[in-house]
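A.B. asks: The domain 'Obg' annotation in Swiss-Prot covers 1-159 and rests on sequence analysis. Feature annotation from Swiss-Prot assigns region 'Disordered' to 121-144, 322-343. The compositional bias 'Polar residues' annotation in Swiss-Prot covers 129-138. The domain 'OBG-type G' annotation in Swiss-Prot covers 160-323 and rests on sequence analysis. As annotated by Swiss-Prot, GTP binding site applies to 166-173, 191-195, 213-216, 280-283, 304-306, with the evidence given as sequence analysis. The Mg(2+) binding site feature in Swiss-Prot is assigned to Ser173, Thr193; the stated evidence is sequence analysis. Annotated compositional bias 'Acidic residues' per Swiss-Prot: 331-343, in sequence order.
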Amino acid sequence: MKFVDSASIFVQAGEGGRGCVSFRREKFVPKGGPDGGDGGNGGNVWLRTNSHLTTLLDFKYRKKYLAPRGSHGQGSRKSGRKGADIYIDVPCGTLVRNAATQELLADMTGDGEEVMIARGGHGGRGNQHFATSTNQAPRRSEPGWKGEELQLDMELKLMADVGLVGFPNAGKSTLISVLSAARPKIADYPFTTLVPNLGIVRYEEYKSFVMADIPGIIEGAAEGRGLGLQFLRHIERTKILAVLVSADAEDVEAEYQTLVGELEKFGRGLDEKPRILVVTKMDIAPEDFTLPAPGDEVHVLAISSVAGMGLKELKDELWREVSMRDRPEESSDPEGEGDGGTP
């Protein structure tokens, strides 16, 4: 399936139904009063997250979503039926903006989350509402109100706990395929990964975390070079970054610093995320290879996805970091002795 992470659609809520002009018809009542019913409200437009969706591809083929109008009012004070609401399913992690103003309307992260994005128009009033002491038989009613309409810009940011960052051929795809059931394309040439991949990493009993592999970034990515920059948004929501550098690199620490520099240039909080340095392909490391010490309290791990070396230690470290950031913050006043308390 083609991966699409941005789309623009037009949505229009339903118009309200017309109010009715009608008069009571009863035997022996030659001049019955007005009894025109109100029109029904138009249908609303909702956005709803669906965890089974992973792309905005559907919106490349369907650009307009229109909710039904409300039914018109009828005689005998019968109101029209409300127009049916429509629901538009989107992947978890979708941001929705008003295309005209770029105002953020919704940031939808949880499965099954629903947001009303356009409200249907009110139904018009029937002539029963316009009778007065001087006009007992009004022939006036109201048309329905128009429903809200707007153009939406949608952007997908994948939901993951761990983001893999590295130069092309650093071993990101191999690692995610070994740790999870994800099966990205793997080959011995640069830019094998052309779209982000998600994998669920199982950890001990009943525990798991989600890992995201994005296309490799290169020096100058912040200025638009390479493929990785356009996909960096997909690791903005992660709790920790694993920066992968191959052990056969000319200078492992220099590559690490280059990658960190690109994250800093991109901004949007990526440079502030906790990170670990993962030195990959240790099975082909030179005999005199030594692990770098980049400082800044960065934990350094050495692994080989092919040989299985260091993978348990890596999973342990990633789980520790993820679970630590999942915990609710502890109260700074555990004894309940803060000022102003009631005994």
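From the backbone N, Cα and C atoms, a Cβ is placed for every residue, glycine too.
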A.B. asks: Let me know how many other Cβ atoms fall within 10 Å of the Cβ of Lys172 (GTP binding site).
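C.D. replies: So the Cβ neighbour count for Lys172 (GTP binding site) comes to 30.
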A.B. asks: Rounded to the nearest Å, what's the C-alpha distance separating Lys281 (GTP binding site) and Ser173 (Mg(2+) binding site)? Just drop the number here, would you?
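C.D. replies: For Lys281 (GTP binding site) versus Ser173 (Mg(2+) binding site), the Cα atoms are 12 Å apart.
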A.B. asks: Limited to the domain 'OBG-type G' (160-323), I'd like the whole-number average of pLDDT.
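C.D. replies: Mean pLDDT for the domain 'OBG-type G' (160-323): 80.
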A.B. asks: For Asn169 (GTP binding site), list the number of other Cβ atoms lying within 10 Å of its Cβ atom.
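C.D. replies: Looking across every protein chain shown, the total is 21.
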A.B. asks: With a 10 Å radius around each C-beta, find which of these binding-site residues (Ser173, Val195, Pro215, Lys281) has the fewest other C-beta atoms nearby.
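C.D. replies: Relative to the other binding-site residues in Ser173, Val195, Pro215, Lys281, Val195 has the fewest Cβ atoms within 10 Å.
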A.B. asks: Which numbers of helix, strand and coil residues does DSSP report for the region 'Disordered' (121-144)?
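C.D. replies: Across the region 'Disordered' (121-144), the residues distribute as 4 helix, 0 strand, 20 coil.
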A.B. asks: Find, for the listed binding-site residues Gly166, Ser304, the residue with the lowest Cβ contact count at a 10 Å cut-off, counting only other Cβ atoms.
C.D. replies: Ser304
A.B. asks: Cα-Cα, whole number of Å: Ser304 (GTP binding site) versus Ser173 (Mg(2+) binding site)?
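C.D. replies: So the alpha carbons of Ser304 (GTP binding site) and Ser173 (Mg(2+) binding site) sit roughly 13 Å from each other.
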A.B. asks: Kindly assign Gly166 (GTP binding site) to one of the three DSSP-derived states: helix, strand or coil.
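C.D. replies: The three-state answer is strand.
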